[in-house]
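*Asks:* Next up is a structure, given as structure tokens.
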Amino acid sequence: MLKLSCNVTDHIHNLFSNSRRIFVPVHRQTRPISCFQLKKEPLRAILSADHGNSSVRVADTVSGTSPADRLRFGRLMEDGFSYKEKFIVRSYEVGINKTATIETIANLLQEVACNHVQNVGFSTDGFATTLTMRKLHLIWVTARMHIEIYKYPAWSDVVEIETWCQSEGRIGTRRDWILKDCATGEVIGRATSKWVMMNQDTRRLQRVTDEVRDEYLVFCPPEPRLAFPEENNSSLKKIPKLEDPAQYSMLGLKPRRADLDMNQHVNNVTYIGWVLESIPQEIIDTHELKVITLDYRRECQQDDIVDSLTTSETPNEVVSKLTGTNGSTTSSKREHNESHFLHILRLSENGQEINRGRTQWRKKSSR
């Protein structure tokens, strides 16, 4: 039995009654039609009535939202400035620790940021480009990324990520994130980033014009809101240059085609993996990444060959006491169980810096 909802049959009746076409009656076998009450959304159906070359179609009768919008677990908050989305950790997103990798976390941060700006009407042709940016061939590129993970989600865990953006002076914009465990509401991570504008044709940085700023400021909180509100938090620490010779190295890293993004260069998440390639194996075996900070200094293209260098940060260079995100003071005992490293990514050909980094590792906990 063919079943159509009452809503759909009404649409069909109105369509034929309002049409100016003249339809030649066609004798067809009578088929029973039953109507039923819809419990959730009205049926999105397609019906065709063919005679010769003519075709009448009724489709997607309810809303103008796209299938992607209906499948996402994301929404703008009531203030209209921040955006939240839920993600389930999939099996291919976990690593040797049976938890999500830092690359997975970074990819989710990028995904929720892109979904946020797409939700408010920015273009999907590039990362959050406004109308003026598209006219002037301008794109956003990452200048700095700082991620702190207090607890890594495991396979099948659901993570809720909140994000928002705001102006960062005359040269760029800032985006922050807060990650929560959906099951407990516990904050399991925070992140912040700085973005600058680049001309897509010349590949040179460009100041943010008033016209572009006016286009995105309407979606930024009127008052500053920071994921790391403390003035002395580690996200603000300057990363010194790593001097030769480095203690650890991984030479000759080559970008894969899959590492390139829609901005025609190596995506910022790939740099995280390259930095970790030169971490000593004994640290990987006994520790997990707690904090990573990256300063992006130069874009990397597909034909570039990259060297990853790492050196332990000496105790004198490590701040022994920092105010934590909950207002507590980090104990020296806790610092003793952690390892700190400085990193640099540079071109193999001429030694030009691509990226500077700092990582902080804690002892693995038993699960």
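Note that Cβ sites are derived from N, Cα and C of the backbone, with glycine treated the same way.
Since the structure is predicted, the reported quantities are computational estimates derived from the model, not experimental observations.
Relevant sequence annotations retrieved from Swiss-Prot are reproduced here:
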type: ACT_SITE; residues: Asn263; note: active site
type: ACT_SITE; residues: His265; note: active site
type: ACT_SITE; residues: Cys300; note: active site
type: TRANSIT; residues: 1-48; note: transit peptide
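Show me how these features fit into the shown structure, please.
*Replies:* In the three-state DSSP classification, Asn263 (active site) falls within coil.
The C-beta environment of His265 (active site), restricted to residues of the same chain at least 6 apart in sequence and closer than 8 Å, consists of Glu299, Cys300, Gln301.
Its Cβ taken as reference, Cys300 (active site) is surrounded by 24 other Cβ atoms within 10 Å in the chains shown.
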*Asks:* What is the total of other Cβ atoms whose distance to the Cβ of Asn263 (active site) is within 10 Å?
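*Replies:* Total other Cβ atoms inside 10 Å, all chains included: 18.
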